[in-house]
Amino acid sequence: MYRKRAGLAAASVLVAVPAAAMAGGVAVDHGHGPTVVHDTAYDQIRTQVHAWSSEGTTRVRLMVTGLPPGRTFGAHVHTGTCGSDPLASGGHYQHSTDPSVPLAQREVWLDVTADDEGRGVATTTVPWAFAPGSAGSVVIHALPTNAVTGAAGARLACTTVELGG
Ligand SMILES: [Cu+2]
């Protein structure tokens, strides 16, 4: 726990990037949270989500502090905004339902592995933009994402960030 402050300071350094990106006319979205923690064992985590979108390419970054060191947690962009019901955030945002395209390429997966200080960062770039109003949160799960099914266990915490405006 005593390390949490240092972790947040380090994560804040990364926030310097979007201001420059915005000057170039890039769409930028931010979320700070978590908005809701569904499992009280994770009350101490803090999250930041940043997304940049330009010319049909979108990059999303999830930064988390306060995690148990050494473990990997699945995380994804979900359709809904966060609510006290873990299912309020809806299912995974899908750019398409074409089964010939791997799930990881038509959803945004942001699995994070916590370092020795409980910090994890994941950045994913996809060759498409979010449909406005249809991606509302980033959910952190208990388990790594299954590459075939996209499942990642229980929903631990949710950060509302309305991606794509
Ligand atoms: Cu998810």
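Note: Cβ is positioned from N, Cα and C throughout, glycine not excepted.
Residues annotated as domain 'Superoxide dismutase copper/zinc binding' in TrEMBL: 55-160. TrEMBL lists 1-23 with the feature signal peptide.
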Taking all residues of the domain 'Superoxide dismutase copper/zinc binding' (55-160) together, what is their mean pLDDT?
97
The DSSP breakdown of the domain 'Superoxide dismutase copper/zinc binding' (55-160) into helix, strand and coil residues is 8 helix, 39 strand, 59 coil
